[in-house]
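As structure tokens, the structure follows; a few thoughts come after it.
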Ligand SMILES: Cc1cc2nc3c(=O)[nH]c(=O)nc-3n(C[C@H](O)[C@H](O)[C@H](O)COP(=O)(O)O)c2cc1C
Ligand SMILES: Cc1cc2nc3c(=O)[nH]c(=O)nc-3n(C[C@H](O)[C@H](O)[C@H](O)COP(=O)(O)O)c2cc1C
């Protein structure tokens, strides 16, 4: 089983930053991240995963000021991973990079640099940016359209990987006596001329330890799956049921095969949002503790956007959901939530609590044994190759997973007790592309 | 006296990589850099300085393959400084960033991130790119013209600093009880709309420990000095004589004052290329050892590039320097070299030997006492505030400086024995910009 650790600074739950055991300045506390990295490495996890955005996500400052999950305050991931490379030895280090707002030459170079610095532990999560507010920080009047972003991302990945392939593995002879630093036969330019990029290359850096740092991808639309099938070593997906996960995995693998790739070279990992306690009651207490910290204004804001930006101002939090008009931003999610509220007789507060917690990812609550049961079930069914663990709050949620669930997975022979390789490709069972 | 350590991977001398004691793979050996960083910190130096370019510098692969100083093989500096932040405690960490081929939002964010990671030790060397080959890696048909690059750099610095100022120091209240993560009154957008950039902001990161990471600048043309005067906390300059250095310093300070800045807030550091031995003979032996390793093909290529990529093919190596037209690369270097060749009656071969060694920087050769004498002389005359030490080869050249020259400077009361502050601004005696 493959396991990654998703590190949103204070944790994935919307109210994590208010938890008494969570450092509220986690996003800019290097000591906090060093501790998380060491904890994940102690658990022999495959990699750390850093989500990212190059702008605060939202336009209403008053609303943003009440939440820590809108990319308001966190390290830039590549500089952070440079630092974490120095405090870890084996764990993989992966950073989210947006193809929409970056230059492929810089990204290829920084990732190759990180791969050298970490001696083969670098990876990247290639995204097209879910946050439209990034556009304004890069001189664009608006976020490019979905299809344009994905077309650019396809070309971006092609250029980045092409640059990594500009040097052969044996080009660097460094022959002091002959005065030959590298062998000219081992280098070729890229000479890419595409719709979005023109990049001559070569990369001004020797081929990196992994050949190619590991590529993760998280698109789930049709176009997104095509990008994953074409470019990804690892696909990160949000799924709610084993059956849906299995269908997703089969679909992505089939697309990869159609492109001539070995489907086994595409690992699928599902996000899991776990609450673990020594007893089930303890685990549920952990859920409630966080749920109770959700700021009504933040909860209402989240619920409103899920309901198609419905106006919920002034509604009674402990009364029933008022009538929600149909908006033009899609009605399936609105209908589902309205029906759920009506059928279960949920109050507004109860409904936003449902929405605010896992935000689309699979929530599991229980004992180490029951959580391991659920993970094992998905894994054994072939639905996924593993999980990206999204601790609700940090560092506690990660410690719970590493200290309680991982030993249980080991007892079942599902997870490593020691790293057997040195690179992230080794950990994931991915071949190293040579040249 | 302020001292920085200039870390070209194998050392600044063109033949350093061929030196028997130099690791030829230094550019991608994190252990090598960690050792250099610790050595410089043991010497209590103010900062590490990383030169940079986003392309190999040259178009002739056969020629490039015989040298290690054309940015062919080295870490990307921001990821590297992230890693070095973790193995050091006090020393400043500065990276070269080109305004010509970067987005100010990304640069501001990465530098602020590095400042948080290192707890106030970050700085950047703002350049306009001396290497025209970068253009082809970023979709441009050619390197933009000198004046355009400088205009963009002025605006780039304005945007970067503006982004650093989008948050007040006290905005981050992180009040868990009240659910207020930050105070909306402490943030403002940038809303920059200029000729080269449109950037809304704010930066999605709290104000960094130094307020503004330290800005270094190394332009020496008229336009370059204007940029330095407007933006730099530290000016890095190549000077050959105390008098020229003094004139340069007075000129840059006068320009800064004209812009309403405190001239004392602009520190001027000259590059120094030192060979130090226990005896003068030992120091000269170190020079000869490296000069003997210069490949003639490399020497000529280097001279051409220092002259703005002048065509020197077919010129008589033992004849005088032919006429060199002014090019679009930096012109100050070209002017200096042409004048030097004319005044001293140097042949092409003699000139490339001069150039290949210190490449325009001030070379000092001698005992710890004589080197300290020379540095003290420049310093006491007010010509400079200190030096950027460019060790000819690494790690040996840096160890020589730290173990032989620094103690001599201390004996004279010219250099610190311990760090008295924790940030790079503290080390340099620069005030922290508040907001
Ligand atoms: C699990 C997961 C994690 C993601 N992480 C990020 C992220 O850190 N930053 C970002 O800008 N987008 C992120 N995305 C957004 C996707 O890359 C993609 O842009 C978005 O899902 C829209 O594409 P789609 O329509 O194909 O789903 C993530 C998506 C998923 C499903
Ligand atoms: C001491 C010194 C160090 C420099 N370091 C770099 C560097 O690392 N990368 C780069 O692209 N340019 C570097 N430059 C180039 C300058 O930033 C500038 O682009 C160049 O000198 C041309 O400008 P000028 O005509 O004002 O001198 C350096 C220049 C000097 C004098």
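Glycine too: its Cβ is placed from the backbone N, Cα and C atoms.
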Among A:10, A:94, A:96, A:100, which residue shares the FMN site with A:52, A:146, A:150, A:220, A:221 according to TrEMBL? A:96
Among A:52, A:96, A:146, A:150, A:220, A:221, listed as contacts of FMN, what is the widest Cα spread in Å, to the nearest whole number? 20
Including all protein chains displayed, how many Cβ atoms other than that of residue A:221 (FMN binding site) lie within 10 Å of its Cβ? 12
Out of A:96, A:150, A:220, A:221, which binding-site residues have CB atoms lying under 6 Å from ligand 1? A:96, A:220, A:221
With Cβ-Cβ distance below 8 Å and at least 6 positions apart along the chain, what are the contacts of residue A:150 (FMN binding site)? List them in sequence order. A:128, A:219, A:223, A:224, A:226, A:227
Surrounding CB atoms that lie within 10 Å of the CB of residue A:220 (FMN binding site), all protein chains: 17
For residue A:96 (FMN binding site), what residues in its own chain, 6 or more apart in sequence, show a Cβ-Cβ distance under 8 Å? A:49, A:50, A:51, A:52, A:77, A:124, A:125, A:127
